[in-house]
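Quick one: structure below, then a few questions.
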Number of protein chains: 6
Amino acid sequence: MRYGPMFGPDVTFLGVDRCDLGEPSSFADADVVILGAPFDGGTTNRPGTRFGPSAMRQACYLEHDGSRPSLALRTDGLRDLKVYDAGDVEMFSGDIERALGALEEAVATVAAAGAIPLVLGGDHSITLPDAKGVARHHGYGRVSMVHFDAHADTGEIEFGSLYGHGLPMRRLIESGAIRGDRFLQIGLRGYWPGPTVLDWMAEQRMRSYEMSEIVARGVDECLSEAFTTAVDECEGVFLSVDIDVVDPGMAPGTGTPEPGGLTARQLLDAVRRCCLELPIVGVDVVEVSPPYDHADITAYLGNRVVLEALSAVARRRSGEPWDPSQPLLDGR
Amino acid sequence: MRYGPMFGPDVTFLGVDRCDLGEPSSFADADVVILGAPFDGGTTNRPGTRFGPSAMRQACYLEHDGSRPSLALRTDGLRDLKVYDAGDVEMFSGDIERALGALEEAVATVAAAGAIPLVLGGDHSITLPDAKGVARHHGYGRVSMVHFDAHADTGEIEFGSLYGHGLPMRRLIESGAIRGDRFLQIGLRGYWPGPTVLDWMAEQRMRSYEMSEIVARGVDECLSEAFTTAVDECEGVFLSVDIDVVDPGMAPGTGTPEPGGLTARQLLDAVRRCCLELPIVGVDVVEVSPPYDHADITAYLGNRVVLEALSAVARRRSGEPWDPSQPLLDGR
Amino acid sequence: MRYGPMFGPDVTFLGVDRCDLGEPSSFADADVVILGAPFDGGTTNRPGTRFGPSAMRQACYLEHDGSRPSLALRTDGLRDLKVYDAGDVEMFSGDIERALGALEEAVATVAAAGAIPLVLGGDHSITLPDAKGVARHHGYGRVSMVHFDAHADTGEIEFGSLYGHGLPMRRLIESGAIRGDRFLQIGLRGYWPGPTVLDWMAEQRMRSYEMSEIVARGVDECLSEAFTTAVDECEGVFLSVDIDVVDPGMAPGTGTPEPGGLTARQLLDAVRRCCLELPIVGVDVVEVSPPYDHADITAYLGNRVVLEALSAVARRRSGEPWDPSQPLLDGR
Amino acid sequence: MRYGPMFGPDVTFLGVDRCDLGEPSSFADADVVILGAPFDGGTTNRPGTRFGPSAMRQACYLEHDGSRPSLALRTDGLRDLKVYDAGDVEMFSGDIERALGALEEAVATVAAAGAIPLVLGGDHSITLPDAKGVARHHGYGRVSMVHFDAHADTGEIEFGSLYGHGLPMRRLIESGAIRGDRFLQIGLRGYWPGPTVLDWMAEQRMRSYEMSEIVARGVDECLSEAFTTAVDECEGVFLSVDIDVVDPGMAPGTGTPEPGGLTARQLLDAVRRCCLELPIVGVDVVEVSPPYDHADITAYLGNRVVLEALSAVARRRSGEPWDPSQPLLDGR
Amino acid sequence: MRYGPMFGPDVTFLGVDRCDLGEPSSFADADVVILGAPFDGGTTNRPGTRFGPSAMRQACYLEHDGSRPSLALRTDGLRDLKVYDAGDVEMFSGDIERALGALEEAVATVAAAGAIPLVLGGDHSITLPDAKGVARHHGYGRVSMVHFDAHADTGEIEFGSLYGHGLPMRRLIESGAIRGDRFLQIGLRGYWPGPTVLDWMAEQRMRSYEMSEIVARGVDECLSEAFTTAVDECEGVFLSVDIDVVDPGMAPGTGTPEPGGLTARQLLDAVRRCCLELPIVGVDVVEVSPPYDHADITAYLGNRVVLEALSAVARRRSGEPWDPSQPLLDGR
Amino acid sequence: MRYGPMFGPDVTFLGVDRCDLGEPSSFADADVVILGAPFDGGTTNRPGTRFGPSAMRQACYLEHDGSRPSLALRTDGLRDLKVYDAGDVEMFSGDIERALGALEEAVATVAAAGAIPLVLGGDHSITLPDAKGVARHHGYGRVSMVHFDAHADTGEIEFGSLYGHGLPMRRLIESGAIRGDRFLQIGLRGYWPGPTVLDWMAEQRMRSYEMSEIVARGVDECLSEAFTTAVDECEGVFLSVDIDVVDPGMAPGTGTPEPGGLTARQLLDAVRRCCLELPIVGVDVVEVSPPYDHADITAYLGNRVVLEALSAVARRRSGEPWDPSQPLLDGR
């Protein structure tokens, strides 16, 4: 009954075990279930993210053996947690409403089973069903959002549609799934959206860290401040990572590149902190577009964002505190 | 009121005049109206054809001055005919039914004005509205189809949808717009579709020239035979050119490359013959996918297919016969 | 016990079933067993063929479902034959003797089971173990060779080694596995080897068709002549296809590109004839180098060479004659 | 009379209005006039900057509607200022003296009209006419130079010519247009020029910040120091941005890449400060070479440098102070 | 005194000996002297041919040992002839008149020494000095031209200049160096030039074979006819090969790609015939533009055009007739 | 007797003089001898480093004249030191033991002559012979190692071999050439090796700075600490730079990219400090893989790492202290 892959061969994320969403027993013990969302029907410019799940699952030079011990965190995100890959959700890029609906069901199924859904996008329109699916389990308004992105994705309508990769955050807040005042955006920059949308955002009491603020205050201070909000009256946090939060020089394989972003190093460190310090209940990594990539470096980065998140979740669950200054071989 | 471009700056095909489909007077004297169909929501594999219209409009190293005198045909397809570019039709890739509907209206508007619609794709799902829009004017069942392609595009359903780039020819025949026995396919090859679909095609009495037959008999003999059918009980012919009919070596920028195709030279000569010898009432050039192109060579080929068609239509209208062996400078 | 993939995820050729060379029962009913030879330690110039097996297994836009009905040949090479994929042979590129030895054992195991080994290269040094492994079963000197290539690959020594991708054909003849006068080479051209090696080749009574002869006489006449030799006193034919026999324009992803080759269409037709008309006992497809490829077009071509061979073997086994001029939908 | 584009279709920078330098009334109210300098005849290594103007005009995923509200600066550089695009200056790359002369006239025309000329290069040889054209209006020696670059561009002669992209700064100082002691260079590094030229630079009392100094002291401290000099006895500042000041990893599409540069983020912040804190009278952005770019990321960066400059000029003219730490949605 | 390379390291064509044009004794015994013309100041669109000489000198996977025995022609063009490489002529792309003048002197020096100058372009503007330099030795009007190209290159003026890559053939005929009625063009196609220029060409009694005629009559018949003209009242023939005569699919690395050209195989065969059957006195190979190339395939083709020409000149000088149908190993 | 290049033309590093390892007099006065190690037989994933030596020798836009005056350090590493290039060592990638053996001899020959061997890789397996060759001269255990890398390269066995690019550091320590407690690794990150290997490393008392520690403490503090260890009981330091220590965004052309690395600027500054502050006795720069590079930016970085090292060695030998804050033109 497992749908498997929409494109190409049926592989799992670095070789973790498969599960079948249609058979609850196949993932009953899951800590995390990976889902592919091979969809780019919501992009307003360059497509290609339909190949993001396949690319991120494979982008590693090591053996695909379902194990990745983190040097830094001293956990194995794929072994210390029970991680399954449920394959792709069938998402025809030509029918966004049907596609997003199918994804929401899949995510909700995972969340209902007590596991963290980790969705490999796909364009950013998928965060609407991702976060709604999670909120259906944890409670509308009970999940906050930490959102790394160059763009606010709070547009009202695009190409005549209420769905698309520039709009999901607005739809999410309107739906009540995520409270506007628990919506934390990191890395915004550039020339969109305009004043009307920004006014709407301010009305929702969103908190958006533009790059100027991040440069002036430091990313760590901004994160610490954001984390305080994230856990205020919310038990869970959804982490949505748009790869374009990183500078296009280090993440060229994306659809709407905006110069002046974080370094890859900064993103990895920030994701690590999120998953070490916050009660993550859902994750997505979106906007990796292989046709625009070079030597797979953006797919590699997406893969490492996933691993960083899982390693840190595992570390958090271990209960052991973590000191970034500890030498690698210390304590061995 | 003109919609203009869906992506990027508002340019016309090599600098021809603009028109506005909302203002009939702006194209009342048109022989040909170019439409962009920047859509890739119907692709089953690699996307990117949404940038096909923009790429084909611009792929020329000469001045973009709305004039292209053909060395071979001694006509200027952009000047001897009255050619307008109406810009793009808004086609959100995430909503294929709405997108195709909008395109059909645009094409029908052009056909109703007595002009040839020439549609720049876009994936091949657009041929459904292209040919239907034309047939609404010329009469259902009164227009035949000459279809260059590696693929039959006669599938029944894909990703749960009746619309997509593998299905348009079936929908067209089912609709009655084009008669199955006036459907002529040139260049098929490879491993799709399977027996069930082929049986359906045989039932419709389609005539499909697979590459083996083309190699064995010669492309010119195949075309001559096909042309006889094309004008039997049909006053008009729709010409649909999927760039993947050409070998991927010469047309890499496409979504579903199938090795073993025509050369670029063969395609240009074949398109020329179609437009010299047949009463063309509509044209589309589809499946040019810039993200997979190199040095724009596939976009150039698409551009030249358009020019070849227009030059030959102009030559046909001039009434002067054409001899391919005539030396270039003869008669000057 | 199955080794699986040397690089990346464990996928089979377009989804055919897996087998394990260590468990004879797993392929006892095989007509064909596919082996990956992910090796580029024998290349004298551009490496990268280690990724050839993985690339050729995946290069298809259709569903990876273990079925590919050929439009032209009306057989399904993956279903009408029983085809397994045994995964890769472990071949460390830094130790060519050990690597080639391991491959020879694997090939011999397949041949001994009565199946056709079909090896996905890898650089051309692998044809030494491929053909030796086959000859161990069918008898040294009892298997002839049809070899498509831009290069004769009959050098004496390179970089101080007797093994490498310029040398296998000499080693094969010296070993007695293949008789020199049953060695048929198609597509040679360029500036290598020099007179000394050519003299040696003449002494062996090899028959090498350089492109000038092929252009002058036609590829079909050359093939017909070669086929007569191939089955003279030999019961089986090994087919070795170096993708660089095709012009670099249509097969750029290779290590030693030599302009002026066959078209992709010509190669596919020639491979089809080999497998329709000759008793094939082994096949390899070599020198596909993904790092130098563009948009996977060379990997696609390699994939289609494999499918063409399998479709034609299936047709030959069906006993039904084949007429290239038969229209696609005729007889349905 | 407008020349329009040298290459390809006639588009303006992100859709701003056109003007015609031959018709003064068409830009009489301009704050800024954009000029294209599609020239690479002065490059000593990789060419391609002739396509810089076209690439930078188009490199944006948003609608090309002549509006870009800056998130950070809260101004719309294309709307709050009156910005025109005059198209390209005809600059035949094979005749540098004629080409530079034509550009100088165009720039002088703009400056004389009281507008800021903003020139899209083109190789760096264009800064000679750019700054001279500006100085003709504001007074020789009355304009200082802030120059971002990996290279000093103060060579004496190259390939037998006094003009070229390694020489303009020397010619400028020799001409008297810019005083040597008001010449501020940021980001130099690498292995050129040699001691003789450096001695000449020291004699001119230029102030050149090599990357070691920038790393040691911080880019902000260096800029603050440079700004003090820039406005000493000069009423206006010319800002010349060579994209190669950024590390090649983040700006690969350039002709003479020198590793170890600024990040894209640092450049954008520095350009912002220049235009917020200094009385800018002319700008050029040079050395974007599309043939060497990947996924347009260097063209995007060039586009954003232009927007950053315009947004900051608008902010400066508004008179409102700017605080980088202000949260994005604060004050709405 | 040897200038050496304009760009990069000082290498000779596949390792042949160096000579110094300033020291006549260094090439007194030359049959052929290779010159690099690293110039792209005359291109009207994509630049990059300045790197053509370097790319063509190096594009070979074999040892760079100054020897290349041709399989087909059984001569070693680099050994049977005495071939030197004089390095590059200094040609600043920003000063076309000076650059072309310097090249003409270099070519004339070689021709005066009784050797064949073989010039590696560079854009096609270099054929003006190439052929003039040769005609100065052999006599104005005594040398005919065989010119492979997609374009006639007979324009009157471009970008305000009489020099450029679209104009050289007109300047040559105007100068009297080459008679118009001994000007033979093979492979023209596309949409340039327009009627006025074509009329001028007809007046000169040029003979231009457009691709339609070549397809209709066959390239061999066209060549045979052209060869008759070429040697009528002319003792020598200049062979100018613009790589864009080949289809862009097989030669993407060029500045003005025009679909529908010859195959690489056809060009190599045609060049072979020219040099076997005609008294060649000068050669150039132009318009190879590495920045637009992929995997060096166009540079490889340019390299092979040079080797094909040299191998055939050597064969012609040997006096032995050549039969393309002779098997490779026959007669050994 | 000089072997010269394994691939392509025989060029030296930016034009420095050649020497011949077989003729001691040819490098008797050398300070530094450059060796090419064109080997990728030890790579576990993407090959291509066999072209690293050639690429790094040529990657510079300046004249290849054997001189590179450093702006920052005010020395000319190629002139102030006596630097020769001995060409490549013949290293057949298919025979790693023989290849590494040959390299060790070559390195030892250089070291024995009192010069610093500077080896251009090649994959990282070459550091085993590089450091052993040096230690044979300076004494086993008398040379410490400063090792920049994303990976520890201390694996036990790979693909059944004791040699390979993931293993050299273990072999070095086991051999006694380098003491484990004088092994300093900078930049490690990611998911390899696992606990067993890390335990072994700890037992050897290696000191490995993972990126988390580097971010937390600052690269300069880490380096200062490491330097103290490096010179404790060791007279010489071997500097091994794996280009993948830099983030893949800035160094995509490598075989095993690991996101989250140093910036190019950080690496250059760190290499500078090593060579200014430590008694360097050998250097290698490895893992530059041109097939995966874009616009040569990784090759450029490798070239600049070499120049930075040489410039700093020269500065150290000059005895003059260096202040990074000194303005470029100060003191002239």
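The backbone N, Cα and C atoms fix where each Cβ goes, glycine too.
Residues or ranges marked as Mn(2+) 2 binding site by TrEMBL: D:His124. Taken from TrEMBL, the feature Mn(2+) 1 binding site applies to D:Asp149, D:His151, D:Asp153, D:Asp242, D:Asp244.
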Between D:Asp244 (Mn(2+) 1 binding site) and D:His124 (Mn(2+) 2 binding site), find the distance joining the two CA atoms and give it rounded to the nearest Å.
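Their Cα atoms are separated by 11 Å.
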Taking the Cβ of D:Asp149 (Mn(2+) 1 binding site) as the centre, count every other Cβ atom within 10 Å, in any protein chain shown.
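So the number of other Cβ atoms within 10 Å of D:Asp149 (Mn(2+) 1 binding site) is 25.
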Could you find out if DSSP has D:Asp242 (Mn(2+) 1 binding site) as helix, strand or coil?
strand
Just name the most isolated of the binding-site residues D:His124, D:His151, going by other Cβ atoms within 10 Å of its Cβ.
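Counting other Cβ atoms within 10 Å of each of the binding-site residues D:His124, D:His151, the minimum falls on D:His151.
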Measuring Cα to Cα, tell me the gap between D:Asp153 (Mn(2+) 1 binding site) and D:His124 (Mn(2+) 2 binding site) in whole angstrom.
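Here the two Cα atoms lie 8 Å apart.
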Can you list the residues of the same chain, besides D:Asp149, D:His151, D:Asp153, D:Asp242, D:Asp244, whose Cβ falls within 8 Å of the Mn(2+) 1 site's Cβ centroid?
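Surrounding the site, in chain order, are D:His124, D:His147, D:Phe148, D:Ala150, D:Ala152, D:Gly187, D:Leu188, D:Val245, D:Thr256, D:Val286, D:Glu287.
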Cα-Cα separation of the residue listed as 'Mn(2+) 2 binding site' and D:Asp242 (Mn(2+) 1 binding site), in Å?
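Between the alpha carbons of the residue listed as 'Mn(2+) 2 binding site' and D:Asp242 (Mn(2+) 1 binding site) there are 7 Å.
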Only counting partners 6 or more residues apart, tell me which same-chain residues put their Cβ under 8 Å from the Cβ of D:Asp242 (Mn(2+) 1 binding site).
D:His124, D:His147, D:Phe148, D:Asp149, D:Ala150, D:His151, D:Asp153, D:Val286, D:Glu287
